[in-house]
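Engineer: Before anything else, here's the structure in question.
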C-alpha cells in the first residue's frame, strides 16, 4: 500500500540486488522513486507492485555506517516509519545509527532467511544457479564479450575495428571502409560491446531518412538491439515531456531533425553517451560556410562524449571534405585546413616506404632515409635490424609508424584491395524488343525507365491486357527461371507495384513458386518471405524485391541476381549487387540484366557498364561521376543524338580511369594496415568459431528452459521450437513471443534463416534468463539426500556458495576483474572444508531429491546447528575472497598502468590522443581500485546434504 513508503526509508530491489541499498526519494501518485546511491541509478516503480523488500535489521545483526564504522544492533526503534538502530560500535561505545545513514554497500543473507523460513527449492535449481554463476563469470572475462553474438560471419577487419574502438572510453572515430566491407556491422558491434560493457548506456543514431529502415532491420536482426525509430508523428503523439528520454537507443532521420527545432531541443536535453552518424559525407562544410545538417551534428558532437561517423572513403570525398569530418571528432586537433593538408603530405612518403617494405621485404636507401627522418634517432636500431633481415623488427617498425600516423587512431578505412574473400562477377545482358504498348506512354519521372508503372497508371485494364501479358522481360524471366530450376534467384525491381505484379505473373503464367518482398509489408511478413526463399527443401525458387524493401538484407546464399529494371543512381545499383556480393559469398555473382532495346533502359545499361564499369566492379567513383555528368546524362537518356551519347560515355570512361588511377596511387597502406588489424582480427575470428563449436550453451539452456517451464521440440536440423508450457514459472521470461519462437545455435543456419532466433551467450533471451535466475532467489536453497557408502547415515554436510560482489557503476567494468564466480565450501560436522577434494559435478551425481515437507522438517530440527555452521562458512571462505579481490586489484592496476603508459608515450608523438582520454582512464583506475576495496562476500546459496 502507498502509505508504507516514507522518504528516507531503505529498501532493496528484488530484481536488481547489484544496485545496493535503495533510498525512497518520493511517492508521486501511482509512482515510487528510489535512488540507489552506490551506483548513482534512479528507478521508478508502480506503487501497486514495486519489486522491493524493506530493509530491517534485528538485535544481534552487525550493520555499517556510510563512513565505515560498524554497529552491533541492540535495539530497533521505529520513528515515523524510519528505523533507528541503537547498539555498540567497535570500541563497545553506545551509538545510534538512523537507517538514512546506512552504508549503501550492505549485503543481505537472503539464502539463510529463506532456508529457515521453509522456502526450499528443487535440487535442479541449485545446480542451475551454480552453473549460471560460472557461465556469467566466464563471459564477463571473455575477450569476445559483445563481439561473438552478432548474426553475421565473423570477419577479421570488422572485429579488429570493433574491439579497438569499443574498448576506448568515449571513442571518437571515423569509419570509412569501402562499400561492401560492412561499416554498419562495425558500428553495430561497437554499439553492442559498449552497451554490454556499460561504457555507454544511451545511443543516438542519426541517418538519412531512406536508411532508417535498413538500420532498424540491421540492429534488430543482427544484434537484437531494440531501437526506437523517431519521426515527426511519433514525437508529436508521445505523452512524455521528453519522448527521447524513454529510449535507450534512438534512431532519427537527420532531414526531419533539422526542420524541427522543438525536437532538437528535446534531443539535446535527453543526454547521450554515444552519437552515431551514417552517410556523414553528405554533411556539407566549407571554411566560410556550413550546412544546417553539419552545424547540428557539430553541436551534438560538442556535448556527446562518444562519436562514430560512418562515411565514404577519404579518396572519394576529397581532402577538404575529409578534414570536415575530422573536425567534428576533435576540433582542437583539426582546426586548420592548410595545416592538415601539409601534415597529410608529410605522411605520404612514409606510407610509400612502408609499401616498399611490405612488397619487397627490404628498404631502399631513399625509403630508409625517409623513415629515419620521421622516427629520429630512436629508429636507428630498428632500421638496422630491418636491414639485417629481422622480420620481427619489420613488424615492430610498422607498429611504431602506425602509432605515429596522424589520423591512425581516429580514422579506420579498409579497402577491397586489402581484404580477401570477395567473389567475382559475371554480366549477362539481354536486349529485348520494346512492345508497341510502351511506345506512346504519358511523360513522367523516369516513365520510360519504368514503362510498366506508367502503363498501369493510365487506369484499370482487363486481366488479359495487364502489362505482364505483353512485356518481353516477363517471358524472358519465366524462361530463365525454368532454365535455372532448383537454383535460388533474387529479382530486384524499383517499385513495390512491379514486384507484386511479377509475383502474379509467375503464379498465373508459370506456376513457379515465388516470394515477394516490399516496403508495404511488415518486418515480420518480410522475415517470413525471406525464410520461405531461404528454405532449401520446400522454399521458393525466386524472391522478388522492391528497391526499398531489400535495404539492409543479406541473401548471399543465392548467387543469381536479376535486375528487372535499373535504378537511377549508381549507389542504388551497388546496393542491389551488395545483397549478394559480400565477404563470404562462395560463388561467382551472376548478374542478369534484361532491358528494352532503343529505349532509355538500353542507354542506362550502357552508362553503367561502359561508362562507370559498375556491374563487374565496385564503383567508388560512381557518385562523383554521376554528379559531374548528370546535367548531360538525363537529357540524353530520354533521347538525343547517338554521337552525343557516345561522346558522353567516352568522357565518363576517361574520367573514371583517371580518378581510379588517382585512388590507386593515393592508397595509404599504413592506414590500411592499422584498419585491418595485422592478424589480431583473425585471432578473434578463430576464437569465435571455436566458441560456436562448443556445446556448453545448448546444454545450459536446456536446464534453463526446463526450470522455467519452456517446452522445446525439434523444428528441423539444428533448430528448435520453444513454447511456454502450462507450468511456465515466470511470465517475464524473455521468450520474445507468447506463442513461441524458433531458435538455432548454428551460425550458418541463422544466416540463411532470418525467421529463427540465433542464440548466443549475448542474446537477450539467454541474458534475460540468467538475470532472472541470479537477480531473484531461485535455487538459493536446497536439501538433498547423499548416497555415499563412505558416509555414515545421518551425516550432515553443508554446501555454501559465496560470491565476491562489488557494487559499482557498470561503466567501470569491474566484472572483468572480479566476476561473480561461485566461491564454494563444503563443511562437515567438524567444520572442515571438503570442497577442494569433492568437485561440484562429482557431488551432484550422488544426490537425490527430498520431499519439501521432509526437508523443511529436518532444517527446523537442525536450525541452531546449521546457523552456526553457516556463520563459520564465511570465515573459511574469507581468505579466498581476499585473495580474489587482491588479484582483481592487481590486474586492474596492471592493465590500466600499461594502457596509460602507452597513451602517454603515444601522445608525445601523435596529437590524436586526447587529454580527456588519458584523464578518463586515470579516473577509471582510481575509482575501480576504490570500489574493489569495498568488495564484500555475499552468501549466494545453501545446500543441506544428509547421508542416507
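Glycine is no exception: its Cβ is also placed from the backbone N, Cα and C atoms.
According to Swiss-Prot:
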type: BINDING; residues: 177, 178, 179, 180, 181, 182, 183, 184; note: ATP binding site
type: DOMAIN; residues: 164-332; note: domain 'Helicase ATP-binding'
type: DOMAIN; residues: 473-627; note: domain 'Helicase C-terminal'
type: MOTIF; residues: 278-281; note: motif 'DEAH box'
Engineer: State the mean pLDDT for the motif 'DEAH box' (278-281).
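Structural biologist: Average per-residue pLDDT within the motif 'DEAH box' (278-281): 88.
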Engineer: Identify which of the binding-site residues 177, 178 has its Cβ surrounded by the largest number of other Cβ atoms within 10 Å, counting every protein chain shown.
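Structural biologist: Result for the most crowded candidate: 177.
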Engineer: Among the binding-site residues 179, 181, point out the residue whose Cβ has the most other Cβ atoms within 10 Å, with all shown protein chains included in the count.
Structural biologist: 181
Engineer: In sequence order, what residues of the same chain, 6+ apart, have a Cβ less than 8 Å from the Cβ of residue 180 (ATP binding site)?
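Structural biologist: Result: 416, 422, 574, 578, 581, 582, 583, 618.
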Engineer: Near residue 184 (ATP binding site), how many other Cβ atoms are within 10 Å of its Cβ?
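Structural biologist: Taking all protein chains shown, residue 184 (ATP binding site) has 19 Cβ neighbours within 10 Å.
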Engineer: Could you count the residues of the motif 'DEAH box' (278-281) that DSSP puts in helix, in strand and in coil?
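Structural biologist: The motif 'DEAH box' (278-281) comes out at 2 helix, 0 strand, 2 coil.
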Engineer: Please work out the number of neighbouring Cβ atoms within 10 Å of the Cβ of residue 183 (ATP binding site), leaving out its own Cβ.
Structural biologist: 24
Engineer: List the residues of the same chain that sit at least 6 positions away from residue 182 (ATP binding site) in sequence and have their Cβ under 8 Å from its Cβ, in sequence order, or write 'none'.
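Structural biologist: Residues satisfying the criterion: 152, 155, 158, 582, 583.
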Engineer: Whose Cβ lies within 8 Å of the mean position of the Cβ atoms of 177, 178, 179, 180, 181, 182, 183, 184, the ATP site, other than those residues?
Structural biologist: 186, 414
